[in-house]
Amino acid sequence: MTDTRNLTQLGSKTQAPASPEAATLETAPFSRGDGPAAIVRFTCPEFTSLCPVTGQPDFAHIVIDYAPDKLLVESKSLKLFLTSFRNHGAFHEDCTVMIGRRIVEATKPLWLRIGGYWYPRGGIPIDVFWQTGTPPKDAWVPETGVPPYRGRG
């Protein structure tokens, strides 16, 4: 049975953190066993942050793939972490990379990649990609399934 004693957010009424810096990513133990590494995917199709200059909302479809080693990121804490960006002002690139780095810091995975598919602002969609290296050998890493942005063209 998984040891959940260190989880404080799961199963509790929890306020959304005021900022990404105030958010806590919690982890649970993972036994990966023998064979190819497992790949875990989180998809956040309605991610929101604020433009650091205008304060206007920015929206993205975020896809996170990682190969856990000994720790899993607990999904409620991840949800609260992602929600904490709602009132956070940062550029698309900064938000995307910050998310990836925080998960790496918390879980120390074998591998992680994140894709931030940002909806157009000023007529330009911005896609941001970051990863820690090459995927583990023989791991099944499916395509993200996010099509390139197409307007009415």
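Keep in mind that glycine also has a Cβ here, set from the backbone N, Cα and C atoms.
Database features, via Swiss-Prot:
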- 1-17: compositional bias 'Polar residues' (COMPBIAS)
- 1-23: region 'Disordered' (REGION)
- CYS51: active site, thioimide intermediate (ACT_SITE)
- ASP58: active site, proton donor (ACT_SITE)
- VAL73, GLU74, SER75, HIS92, GLU93: substrate binding site (BINDING)
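Here the features listed in Swiss-Prot are painted onto the structure.
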| residue | record | Cβ within 10 Å |
| --- | --- | --- |
| CYS51 | active site, thioimide intermediate | 15 |
| ASP58 | active site, proton donor | 22 |
| VAL73 | substrate binding site | 24 |
| GLU74 | substrate binding site | 22 |
| SER75 | substrate binding site | 14 |
| HIS92 | substrate binding site | 20 |
| GLU93 | substrate binding site | 13 |
What Cα-Cα separation, expressed in whole Å, is found between GLU93 (substrate binding site) and CYS51 (active site, thioimide intermediate)?
11
Rounded to whole angstrom, what's the largest C-alpha distance between any two of VAL73, GLU74, SER75, HIS92, GLU93, listed as binding substrate?
24
Cα-Cα, whole number of Å: VAL73 (substrate binding site) versus ASP58 (active site, proton donor)?
25
For GLU74 (substrate binding site), the three-state class that DSSP assigns:
coil
Could you say whether, by DSSP, HIS92 (substrate binding site) belongs to a helix, a strand or a coil region?
helix
What is the separation, in Å, between the Cα atoms of HIS92 (substrate binding site) and ASP58 (active site, proton donor)?
8
